[in-house]
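K.L.:
To start, I am sharing the structure in question, which I have written as structure tokens.
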Amino acid sequence: MILMKDIVRDGDPVLRQVAKPLTFPLSDHYKQLAEDMMEYLVNSQDPKIAEKHQLRAGVGLAAPQVGEGVQMAALLVPDDKGEIIFKEVYVNPEIVSESVRQACLSEGEGCLSVDKVINGYVPRPDKLTIHYYTVDGEEKTIRLKDYPAIVSSHEIDHLNGHLFYDRINKKEPFALKEDTVVIS
């Protein structure tokens with residue numbers, strides 16, 4: 001079971017490196033890693049389990065965040081009522097197209113690897129098309145918009161050595177392009 005002590009924190013070099021692609025079939029180690037990352041997200045969104053194990057709630061977790069420099073990320077995205085609207089483990093994901101129009105979360109973003117609050121809007125594409133493989137090696141291409149697209153972009157950034165605050169406008173953290181969609 002992944003706990004907060006297992007989450008790599010900002011400053012660790014693995015978070016700033018481009019993760020390596022995985023080859024198929026995945027080894028048992030990487031299959032277990034995918035399971036463990038998803039289990040963390042499920043547990044972190046359950047108030048009783050999260051409190052018992054002192055887990056910070058998360059909607060996404062990338063392999064570099066647990067010290068594994070490989071192209072894998074787990075996503076468990078709820079809607080505003082707590083119902084899961086997107087659940088997947090990406091292996092070797094690639095954003096193949098993105099909208100010109102941007103979106104951001106009204107409250108900004110956070111990250112399990114970043115302990116401090118960093119205020120500001122994090123502009124990301126409003127819509128994404130992502131090509132990836134499942135843990136079983138099935139090739140998929142999906143189109144996402146709004147919150148699932150933002151979470152996917154955040155996690156894929158981790159696989160490319162970027163953190164959310166890299167996208168915040170340093171001079172004007174709450175400045176946005178005119179047609180940016182702000183998601184509450």
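Backbone N, Cα and C atoms are what each Cβ position is placed from, and that goes for glycine too.
Okay, so Swiss-Prot annotates it like this:
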- E155: active site (ACT_SITE)
- C111, H154, H158: Fe cation binding site (BINDING)
K.L.:
Which number gives the other C-beta atoms within 10 angstroms of the C-beta of C111 (Fe cation binding site), all protein chains shown included?
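P.N.:
Within a 10 Å radius of the Cβ of C111 (Fe cation binding site) lie 23 other Cβ atoms.
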K.L.:
With DSSP assignments reduced to helix, strand and coil, which class does C111 (Fe cation binding site) get?
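P.N.:
Its secondary structure by DSSP: strand.
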K.L.:
An 8 Å radius from the center of the C111, H154, H158 Cβ atoms defines the neighbourhood of the Fe cation site; name the other residues of that chain inside it, in order.
P.N.:
G60, A62, Q65, E109, L112, S113, E155, D157, L163, F164
K.L.:
Relative to the Cβ position of E155 (active site), how many further Cβ atoms are located within 10 Å?
P.N.:
22
K.L.:
Give the sequence-ordered list of residues that share a chain with H154 (Fe cation binding site), lie 6 or more positions from it, and have CB atoms under 8 Å from its CB.
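P.N.:
Counting only residues 6 or more apart in sequence, the Cβ neighbours of H154 (Fe cation binding site) under 8 Å are G60, E109, C111, V122, R124, F164.
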K.L.:
Give me the count of other Cβ atoms within 10 A of the Cβ belonging to H158 (Fe cation binding site).
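P.N.:
Around the Cβ of H158 (Fe cation binding site), 23 other Cβ atoms lie within 10 Å.
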